Amino acid sequence: MTYQTSFFSPCKVNYMLTITGVRPDGFHNLVSLVAPTRFGDELFIEEAGEDSIECNLEGVPCDESNLVMKAAAVFRRATMMNRFFKFNLVKKVPHGAGLGGGSSNAATALLALNQICGYPLSNGELERLSALIGSDCPLFLRGKPVVMRGRGELLEDLPENAQNLIASLKLLIFKPNFSINTGWAYKTMKESGKMYISEQEAEDALLSWIKNPEIENLPLVNNMQIPAFEKFPALEAVLNFIRNEYNLPCLMSGSGSACFAVVNNLQPDALQSLKDAIKKRLGESCFITEA
Ligand SMILES: C[C@@](CO)(OP(=O)(O)O)[C@H](O)COP(=O)(O)OP(=O)(O)OC[C@H]1O[C@@H](n2ccc(N)nc2=O)[C@H](O)[C@@H]1O
Ligand SMILES: Nc1ncnc2c1ncn2[C@@H]1O[C@H](COP(=O)(O)OP(=O)(O)O)[C@@H](O)[C@H]1O
């Protein structure tokens, strides 16, 4: 039996990202408020004699290093099922953006293969497997806003009112033509040693928002902005501009270079003028989407 089924693969934004320090295994501990968005890629899957992948976006590898191919291999090993798939990945999410596009693609592939193969694995097993592919993968299996801890694999659900507030947010996500490599950002923080935020401070900020989950109180902190702004001052400048001129909550997502603004209260004319102003500052080739 063959399938030509499409699966949505959302990108994420980090509403709060605090890197609290380096761990004995070389990874970093973090505390993050993170959520999938309404914007994402499309993954088409068809059963085949061997695994293969094609992708519309230049720069995304089309071999076994693609995280979708890794997910298929991990799934096969865990289930001991000898089934293979042809993937067609329609990328809309820019990569090297801090939007977790690749991690989401891998998580979506795991969910999809589990569905296609008749649910041999539980959600808990899928989450454990996804953490083998990337620290950021498990969050995409929950499909809702979560608090992420550890190196990203420890997830906690939010109270319903906090989830509802996040679901009500309208975002403008934008990414300049340059990317930031996640490994580079973490390495720069490690070498400095001075860019971390204490776990206590992070948990306090988070708890204060959870107790009163309003847009105005969003804990918009991201200490990965420190290495990013040092290398790319244009990012800090554009976020300051959005805060000062439009009075909007805004932040860089993940390790960057994508940023977002919360645009719930913006009328269509003002939204268009904001998009124009972002392009004026970051260049015409800047990627911008509503989510
Ligand atoms: C920064 C975050 C925040 O959500 O998102 P992105 O900016 O990538 O979207 C994540 O922690 C990104 O996690 P993930 O996307 O899985 O990271 P990877 O690209 O697999 O990791 C690249 C490298 O970053 C370092 N790394 C990653 C995660 C972590 N908690 N500590 C680390 O020190 C490791 O050296 C790793 O080899
Ligand atoms: N399915 C995939 N989609 C995007 N990038 C992928 C994928 N598989 C592997 N990669 C590699 O992972 C890198 C990081 O991509 P991505 O996860 O989208 O960015 P980020 O970690 O900044 O959110 C890309 O530059 C690319 O080389």
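Each Cβ is built from the backbone N, Cα and C atoms, and glycine gets one as well.
Lifted from TrEMBL, the feature list:
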- LYS12: active site (ACT_SITE)
- 66-143: domain 'GHMP kinase N-terminal' (DOMAIN)
- PRO94, HIS95, GLY96, ALA97, GLY98, LEU99, GLY100, GLY101, GLY102, SER103, SER104: ATP binding site (BINDING)
- ASP136: active site (ACT_SITE)
- 224-269: domain 'GHMP kinase C-terminal' (DOMAIN)
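The structure, with features from TrEMBL marked on it.
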residue: LYS12; record: active site; contacts (Cβ under 8 Å, 6+ apart): VAL34, ALA35, PRO36, THR37, LEU99, GLY100, SER104, ASP136, LEU139, PHE140, SER253, GLY254
residue: PRO94; record: ATP binding site; contacts (Cβ under 8 Å, 6+ apart): GLY101, LYS175, SER179, ALA258, PHE287
residue: GLY96; record: ATP binding site; contacts (Cβ under 8 Å, 6+ apart): SER179, ILE180, ASN181, SER257
residue: GLY98; record: ATP binding site; contacts (Cβ under 8 Å, 6+ apart): ASN14, ILE180, THR182, MET224, MET252, SER253, GLY254, SER255, GLY256, SER257, ALA258
residue: GLY102; record: ATP binding site; contacts (Cβ under 8 Å, 6+ apart): VAL60, ASN66, LEU67, HIS95, GLY134
Mapped DSSP class for LYS12 (active site), helix or strand or coil: strand
Neighbours of PRO94, HIS95, GLY96, ALA97, GLY98, LEU99, GLY100, GLY101, GLY102, SER103, SER104 excl. site residues, C-beta within 8 Å of centre, ATP: CYS11, VAL93, GLY254, ALA258
Cβ atoms near SER104 (ATP binding site) (within 10 Å, other residues, all chains): 28
Three-state secondary structure, which DSSP defines for SER104 (ATP binding site): helix
Listed recorded positions adjacent to ligand 2, that is, members of GLY96, GLY100, SER104, ASP136 whose C-beta is under 6 A away: GLY96, GLY100
Whole-number mean of pLDDT values that fall within the domain 'GHMP kinase N-terminal' (66-143): 97
Recorded positions whose CB lies under 6 angstroms from ligand 1, from LYS12, PRO94, GLY96, GLY102, SER104: none
Other CB atoms within 10 A, centred on GLY100 (ATP binding site): 33
Structural state of PRO94 (ATP binding site), classified by DSSP into three states: coil
Cβ neighbours of ASP136 (active site) where a neighbour is any other Cβ within 10 Å: 26
Tally of residues which DSSP labels helix, strand or coil - the domain 'GHMP kinase C-terminal' (224-269): 23 helix, 7 strand, 16 coil
